[in-house]
């Protein structure tokens, strides 16, 4: 079977995602679409608006055949590690094509960039280091360093999708993986737009509308397939919750207030020196937004801080992440859901896999899966116990199977 | 000035406490009454119903002249360490009398018990160890071991007040402190009673009524001085909260769910072997009461488990407590409040103190005070941020001074 891989968050699955899936299938002539999807928490350091199982159902009902989980350990990280985990997941499953969205839609420019970067690696690294020493945040320093070696810059590295796309290419070529990449030009709104102006709208603007409107999600119906609205509604009916940072703020404030500065520094992503700043501003803040406004600097960007705060909440340690970062492969594949077609593909590949397929949690398991369990636990912690237990059961019941 | 010390929790200050304070003053002919009071959390491993400052005001308005804090590190511990911290606090302040409540009201029987115990120490320790090996909880094993060496048992060691009283005597005599102890026979209801039947009523029954009745505390007005009702009401008006375990359950459940078993074992009071049991039942429980019912055993008593859960919440480590337990003295005295008379006493004693008097928190401070800060932070964590900040300020503003 000819499989095409997509790297996604589906937060939530909307018309833009539908367009991307359909185009990817058409261009690559794929029999089966495989999505690697972030689970409870997302790359920008935020909780997904509804849980991974409801987002998986959205995907399966809109043309995706198989959904696997991008582990928290890769999903809530900057582009390189995010790309490593995603691309490796596809590779380990034997998927030989990847189709990602970008602003330009021109795969050649990504490849050219990679080769120019390879030829000027020393200069790039030197310049990057210089900018970082000046106190610039990584995305800005990286953009400026790339522009120095690639003057005719056709990729705008201020766009998150371009940064990610480039990271995928880099991982594929550096690891010499047998994956053919293509890209589809994204249409309509920017990633960061918050106004809904069209039937293809950014996920950010959709989330803003959903959270503002509480249970009434009529306003965003036009922007997504019916199944997405249905799954959103289904999750809300069970939990009366749209997940967003403010709901986790009491836990974050409690957690930071009871941690010693020394303990804070053991947490993934927390540089020595910022621990007192974190304690000080957390004590003073009255909302999560208030905390972010107070604490952010040029060096500590919004996204970077949100990731730190998630790692604090999920108790993710530098020590745990060390071996994960050093490893040249991913330790397992975790299935979230599939339809008949996805099952067929999986059955073909199963015997040739070099890493295990897991679904549940056990007492003895890989550190990456231990982190995942804590992340899921954290994700559901804002839901009342009775309902939470019911939702957490999904985590141990194995993948969703869609029969139709 | 002739000072008499009392060791108290005042949760809340009621008519029984008023009786005890008045009797103590009369019997000892004291000019000044000094109370060593537990702060945010109490010996049975529970949050105090209102904060230490409102309980301090109750005491100062009902005849107590000076209130100092029994640090969390001693207050939430079994009787020996609790007694060590309390008796040492009085000793370090130069208080030479202690008056405690007991069932018998007969100080001689406490002294006799101590001496009999001294003479049969080896046998006592052997029997105690035997009972503990059989899996009996400490209080039961202790009671049975004592009964073996003291057949004409006049002190009932199933009564918490008798256990504590005996521990005070033991600390005073073992450390050869210059403190004269006396005891007052407690009148009316048992400590564990939950029915309000008289104007002198157990604190447990008063708390049950308060928590059940929410803002309406008319039912317990008869059981306490007017100032106690006033302070209770004042705290509730600010916070809309009576502190009890159920309110902390979401934090406890979140915290345990995101801790590794290895981390759980580093927490004070947690024996190796119970960490998986704690994780398992916490995941399943829907309320704190539900958790306690599920997890308690003959060996792990209600009180012992509640203390463990508090140490988890406040992130109190075995390692931190080690040096505190090994020390032959307490590291500081923390003032909570005083009236003119208390100030007068303090001024007399100040120049002769061998340990510092502290009120606020600093970055560099004794581990015991660091634990205290986290305990206070935990205590107020269930209050909305704006109000919490206001309440937490009391912690750094120094003692309450009552001028009248």
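Cβ coordinates are placed from backbone N, Cα and C, and glycine is handled just like the others.
No curator has checked TrEMBL annotations; they are predicted automatically.
Features reported for this protein in TrEMBL:
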type: BINDING; residues: A:7-20, A:101, A:161, A:186-187; note: ATP binding site
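Positions of TrEMBL features highlighted on the structure.
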{"residue": "A:7", "record": "ATP binding site", "Cβ neighbours (10 Å)": "25"}
{"residue": "A:10", "record": "ATP binding site", "Cβ neighbours (10 Å)": "25"}
{"residue": "A:13", "record": "ATP binding site", "Cβ neighbours (10 Å)": "31"}
{"residue": "A:16", "record": "ATP binding site", "Cβ neighbours (10 Å)": "23"}
{"residue": "A:19", "record": "ATP binding site", "Cβ neighbours (10 Å)": "17"}
{"residue": "A:161", "record": "ATP binding site", "Cβ neighbours (10 Å)": "17"}
